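Just below is one structure, and these are the notes that go with it.
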Amino acid sequence: MQSIPIKNVGADNVSQLIDRFERQYVYLRLSVTDVCNFRCNYCLPDGYKPPSHKQQFLSVSEIQRVVRAFADLGTEKVRITGGEPTLRKDFLEIAHTVSQTNGIKKVALTTNGYRMERDIDLWQQAGITDINVSVDSLDTRQFQLITGENKLQSILKGIDRAFEIGYRKIKVNAVLMKQYTAPELDKFLVWIKDKPIQMRFIELMETGEMDSFFQAQHLSGQSVMQRLLQEGWQLQPKALSDGPAKVLSHPDYQGEIGLIMPYEKNFCASCNRLRVSALGKLHLCLFGEEGIDLRDLLSEDTQQAQLEARLKAALQGKREHHYLHIGDSGIRNNLASIGG
């Protein structure tokens with residue numbers, strides 16, 4: 001896909017999602033479930049606990065309507081997230097539905113990789129164009145310690161299979177932690193030397209349930225950035241639909257490094273994504289307050305104009321930046337409910 005110049009928004013601005021700060025939103029992160037089967041120490045260390053009241057996640061038809069509205073307003077990329085989205089029995093139908101929406105050019109999946117080895121061929125057939133998979137350690141025992149699951153070797157086989165069936169690049173996520181991830185940096189670099197993997201280190205973010213863990217494990221991505229720059233890695237330009245990662249490449253490496261540093265100054269200046277939760281709420285920011293309900297406008301196709309009007313109106317309430325730097329993570333107790 002050709003990248004779109006960031007400054008040249010185009011003549012048809014009226015139909016686009018643009019906020020008060022001239023940021024254009026072409027990227028939707030769509031959560032389809034809160035449920036996750038991993039127990040990652042930085043997210044859900046005690047595992048997923050269902051709420052006392054029964055929750056009904058978005059149906060395929062509701063997903064179709066919300067994606068259609070976003071696409072009509074200029075969204076080009078949808079990332080399906082969770083929880084773990086592949087746990088839904090109708091996941092393949094969801095992926096196919098999103099991929100068939102007019103205007104959507106990329107359908108990405110964020111997964112813990114639990115079913116990747118088994119189902120990667122089916123994901124591709126359903127229309128998944130891009131995959132992000134979490135690998136917080138390349139050591140089997142350490143991986144199980146972090147995630148609560150002994151699935152590392154299966155996930156690595158799933159990544160290899162993705163390349164075999166034609167995926168040109170796989171993005172691999174690892175949360176940057178002093179005790180766990182940081183000591184394995186050299187091992188990750190060796191791994192991506194001859195593989196087209198974008199290895200993304202995500203700064204640990206402070207959330208309501210994880211304050212003490214954050215204090216013990218947080219490591220600035222800038223320290224990794226400085227080391228890489230000193231070793232000959234170079235920053236790469238970004239396309240409009242790209243995520244927040246600062247991407248570095250090296251002439252001796254087939255893979256890349258991505259650094260996601262939400263505490264960095266001006267992190268929000270290039271924000272290009274909105275979020276819809278599995279319960280049908282629009283979230284203007286990962287660390288914002290209570291979401292804006294869309295579900296009452298997702299039951300009939302005839303409601304699309306009203307839905308688009310609500311999206312555009314809600315966007316004008318988006319803040320210029322988050323307040324993580326002063327310890328305000330909004331109402332977010334963990335990241336599983338909205339897909340990070």
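Glycine too: its Cβ is placed from the backbone N, Cα and C atoms.
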Swiss-Prot annotation, S-adenosyl-L-methionine site containing Gly83, Ser134, Met205 - matching residue among Tyr42, Tyr167, Tyr253: Tyr42
Swiss-Prot annotation, GTP site containing Arg79, Thr110, Lys171, Arg273, Leu274, Arg275 - matching residue among Arg29, Arg227, Arg319: Arg29
C-beta crowding around Lys171 (GTP binding site), within 10 angstroms: 19
For Arg275 (GTP binding site), the one of Cys36, Cys43, Gly83, Met205 that lies nearest, given that the binding-site residues are compared by Cα: Gly83
Other C-beta atoms that fall within 10 angstroms of the C-beta of Arg79 (GTP binding site): 23
For Cys268 ([4Fe-4S] cluster 2 binding site), the three-state class that DSSP assigns: helix
Neighbours of Arg273 (GTP binding site) among the binding-site residues Cys36, Cys40, Cys43, Gly83, Cys285 (Cα to Cα, within 10 Å): Cys285
Integer Å distance between the CA atoms belonging to Cys268 ([4Fe-4S] cluster 2 binding site) and Gly83 (S-adenosyl-L-methionine binding site): 24
Nonlocal residues around Cys271 ([4Fe-4S] cluster 2 binding site), in sequence order (Cβ under 8 Å, 6 or more apart): Arg23, Tyr25, Pro244, Cys285
